[in-house]
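Colleague: Take this structure, written in structure tokens, and hold onto it; I'll ask about it next.
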Amino acid sequence: MLHTMQLLLLATIVGMVRSSPYTSYQNQRFAMEPQDQTAVVGARVTLPCRVINKQGTLQWTKDDFGLGTSRDLSGFERYAMVGSDEEGDYSLDIYPVMLDDDARYQCQVSPGPEGQPAIRSTFAGLTVLVPPEAPKITQGDVIYATEDRKVEIECVSVGGKPAAEITWIDGLGNVLTDNIEYTVIPLPDQRRFTAKSVLRLTPKKEHHNTNFSCQAQNTADRTYRSAKIRVEVKYAPKVKVNVMGSLPGGAGGSVGGAGGGSVHMSTGSRIVEHSQVRLECRADANPSDVRYRWFINDEPIIGGQKTEMVIRNVTRKFHDAIVKCEVQNSVGKSEDSETLDISYAPSFRQRPQSMEADVGSVVSLTCEVDSNPQPEIVWIQHPSDRVVGTSTNLTFSVSNETAGRYYCKANVPGYAEISADAYVYLKGSPAIGSQRTQYGLVGDTARIECFASSVPRARHVSWTFNGQEISSESGHDYSILVDAVPGGVKSTLIIRDSQAYHYGKYNCTVVNDYGNDVAEIQLQAKKSVSLLMTIVGGISVVAFLLVLTILVVVYIKCKKRTKLPPADVISEHQITKNGGVSCKLEPGDRTSNYSDLKVDISGGYVPYGDYSTHYSPPPQYLTTCSTKSNGSSTIMQNNHQNQLQLQQQQQQSHHQHHTQTTTLPMTFLTNSSGGSLTGSIIGSREIRQDNGLPSLQSTTASVVSSSPNGSCSNQSTTAATTTTTHVVVPSSMALSVDPRYSAIYGNPYLRSSNSSLLPPPTAV
């Protein structure tokens, strides 16, 4: 305790001595010492140093090398001690900072004149940062690569302090972190560094024509500098197969090149059977020089070197077929495939089969249907029409109620329903169901049929007659045919050249594994029809058919004659108006032109009894006119030296002169010496007289005389033995022709103007 008090007293005395103003000197000390700093090249750095009670000389050292004691630090232009002596501030200012300034600095004060001890500050490290140079990619601006073959891209950034940080970014803006190798190499000055980053890239099609960039930066400058390179990637074709729909139809099921128009079919849609299908193969490749090949179920298609393939008639055999398109270029080959989904109508792959079963046994009927989409199958029992199943297989226990006929019906939307039937037969003894009385014709071949339902199938069928079994040894008169029918058997006994003694009662016996059945069948003779009656009947039928044929032919010919002729041909017409005058135009040659007979109607109004008719028949047409009067007839006929022209009748009313002009045909009746009448037609021409009435000038045509016995002879109008009588046919007897028979009626280019027709030649 005493020792402690002594120590405290000693310390107090020492403190009082140091703080006393009467002390002979005071120690110098640092009020502020320099600290470690970091600066970028070109920046300004100040290392602080303040000294209290400075007695000695102050200087800065750089890596233990003294810089000088004066404030301007001569010899070091970028260095200076800033501050004031009064404040004891001797801070070191460096501007601009250079890489050489990267060192350890210390502020030192030498001992004072009165023996004050020297003092030194702590070392302060100045770290100088240098931004890196712009990065460079050693491969240049473009690198050529092949898909899936690795390449290396190197990015170098030089002169950074610290070494530059390098970041890789792909063409999509994604930062790459994998498959990168980063190394730092010091420069010879051992202060700066070269940073190198190698990107090991596996090129893909997506990288084609994209830019990869590397970014370099360090703590001296956080603004990155970058370099980029464009990647040209050669890649194998990228293939896509599309199924295109087309119009229904197409024949032959052939596979060929490009087809017609089509519609893109979405995935999952079905192709209708028998339609035309076009498949398109799209390929993206670099280089683009490619070769196409098509396959169906790995079988190459001949001529399939195009971008499209057409199946002209797609059938159900193409359902689920794999259509593959293979495309190849210099880099490699690739492929794509599409599975065809064909919609087709249902068809039976396996029809239900009839079965034989015992009561209580279990049977299974199978109905396999091929269709797309899958069919709806329904089993129906007949005759109840009750649905008993809806699956491919129908299994049930056999009984009297379940035995019978079953229908399998398959339905697919958009297609016709199909059905098939099968029988389930109960096994038992046979039962004969034939007619008990059958007939034959004496002298002809007779047949007796014995039908028996037999499940299982009959193993023996026999015939007996008058107690004796009929067999192959019974003579050549008999033969037996046995045919299997659904659910039974049919036996036919054939009797050749049957006679009366062959007719009678026959027994048919059917035997199977479950029993037998016997039926007695009566064979009766039916009366034959006599040969004479057969012949008479046949002749009657033939005669009736012959008469009927003749009547039909006559009816058809008569019906054809009643048909109207064409509009420009007048084959026959009659004119009967107040005098019984009739005319008939007969062609001398069937190839003649009927249109030479023309009817011209001038104006739109024809008064009653006034006819405007113009005939100009060719020579080969003969016009025969007959006029009945007092039991005699006059026949007028022109030959090809004369023309019969019935000119247009014109009626003009003039209010001042009250004149009327009428052109009428003239008829000359000639009495021959033989008592017959001959006539001539005189073509008339209008000659106006002073009194306003027209006179007629005529040309005489040749006349054909008609003798009482009906013969005709050509007569000359100049014969001395004839007497000519002039008879003017009144206008009421003028010929009337339906204007629709005119060629002008149907052809406006043949219609003439209102000018008058040329007059006929004047008679001499």
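Our numbering is plain: 1 for the first residue shown, then up by one each step along the chain.
Heads up, the Cβ atoms here are built off N, Cα and C, so glycines get one too.
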Colleague: Report which of N211, N754 appears in Swiss-Prot with the annotation N-linked glycosylation site.
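Modeller: Going through N211, N754 one by one, Swiss-Prot flags N211 as N-linked glycosylation site.
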Colleague: Need the cross-check against Swiss-Prot: the disulphide partner of C107, picked from C49, C214.
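Modeller: Disulfide mapping in Swiss-Prot sends C107 to C49.
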Colleague: Given the candidates N313, N671, specify the residue that Swiss-Prot annotates with N-linked glycosylation site.
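Modeller: The residue tagged N-linked glycosylation site by Swiss-Prot is N313.
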Colleague: Rounded to a whole number, how many Å is the Cα of N400 (N-linked glycosylation site) away from the Cα of N507 (N-linked glycosylation site)?
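Modeller: Between the alpha carbons of N400 (N-linked glycosylation site) and N507 (N-linked glycosylation site) there are 30 Å.
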Colleague: Using DSSP reduced to three states, classify N393 (N-linked glycosylation site) as helix, strand or coil.
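Modeller: Strand, per DSSP.
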Colleague: Using N393 (N-linked glycosylation site) as the reference point, find which of the glycosylation sites N211, N313, N507 has the shortest Cα-to-Cα distance to it.
Modeller: N313
Colleague: In sequence order, which residues at least six apart in the same chain have a CB under 8 Å from the CB of N507 (N-linked glycosylation site)?
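Modeller: W463, T464, F465, V518, A519, E520, I521 - these are the non-local Cβ neighbours of N507 (N-linked glycosylation site), listed in sequence order.
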Colleague: Quick one: what's DSSP say for N313 (N-linked glycosylation site), helix, strand or coil?
Modeller: coil
Colleague: Reported as an integer number of Å, what is the Cα distance between N313 (N-linked glycosylation site) and N211 (N-linked glycosylation site)?
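Modeller: Here the two Cα atoms lie 49 Å apart.
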Colleague: Work out the three-state DSSP category of N211 (N-linked glycosylation site).
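Modeller: The three-state answer is strand.
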Colleague: Have a look around N211 (N-linked glycosylation site) and count the other CB atoms within 10 A of its CB, chains all included.
Modeller: 14
Colleague: Using a 10 Å cut-off on Cβ-Cβ distances across all protein chains shown, tell me which of the glycosylation sites (N313, N393, N400) has the largest neighbour count.
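Modeller: Counting Cβ neighbours within 10 Å, the top one is N313.
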